[in-house]
Amino acid sequence: MAASRPLSRFWEWGKNIVCVGRNYADHVREMRSAVLSEPVLFLKPSTAYAPEGSPILMPAYTRNLHHELELGVVMGRRCRAVPEAAAMDYVGGYALCLDMTARDVQDECKKKGLPWTLAKSFTASCPVSAFVPKEKIPDPHKLKLWLKVNGELRQEGETSSMIFSIPYIISYVSKIITLEEGDIILTGTPKGVGPVKENDEIEAGIHGLVSMRFKVEKPEY
């Protein structure tokens, strides 16, 4: 039963990883994209999860793997078509996440008008931190996120810069996809995305709350 599954281990049993693109204006500009009137959504499979202690696996078909730092919102209970005013009642907690992206593959997908599945949804493309209970974050729009590669600061941003707020995103997504307990929504990345290669070490954190470390590896197959 769902009640026997700890939300703190959401990556072991959560079904849906819903990702929001283009939710920070500075990142939209660096990608030479346009700010849209509605969120851009895409999905990752549950096999994309990589909890801390496991590696980030670099697909053999990319030569340009990028990090994208994101706040993840973990759903605490099922919701469908929830109004924006009630959306936060369904949040169980948060996690820091990476949306690892095969940028060269994504660029080709964009040119051909194809979905981003090959670029975004590969195994271990969603590294996650330890779970942060909702009670420890009174306002998720007042967080500072940071990411370093081999000790060099690459990304730094504040969740107050989101284009679409978390309640809006939850409401919007829930009108399309029924969200279940343990599902997670990645809320977009600030500017500073960039490449990583085999043996690079990524460290990232939410200032004052949680941090995580990962190493980039190539799969054995």
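Along the chain as shown, residues are numbered 1 onward.
Here the Cβ of each residue, glycine as well, is placed from N, Cα and C on the backbone.
From a predicted model like this one, the values you see are computed outputs, not experimental measurements.
Residues Glu68, Glu70 are given by Swiss-Prot as Mg(2+) binders; from Asp89, Asp99, that same site also lists Asp99. Taking a C-beta cut-off of under 8 angstroms and a sequence separation of 6 or more, Asp99 (Mg(2+) binding site) has the following same-chain neighbours: Cys19, Lys44, Glu68, Glu70, Lys120, Ser125, Cys126, Leu186, Thr189. Taking the centroid of the Cβ atoms of Glu68, Glu70, Asp99 as the Mg(2+) site, the other same-chain residues with Cβ within 8 Å of it are Cys19, His67, Leu69, Cys97, Leu98, Met100, Thr101, Leu186, Gly188, Thr189, Val193. Here the transit peptide (1-24) has long-range neighbours at 31, 33, 35-36, 39-46, 48-49, 51, 70, 74, 76, 92-93, 95, 99, 120, 126, 128, 130-131, 133, 157, 161-164, 169, 173, 177, 179-191, meaning same-chain residues at least 6 beyond its ends whose C-beta is under 8 angstroms from one of its own.
Helix, strand and coil counts under DSSP for the transit peptide (1-24) come to 10 helix, 6 strand, 8 coil.
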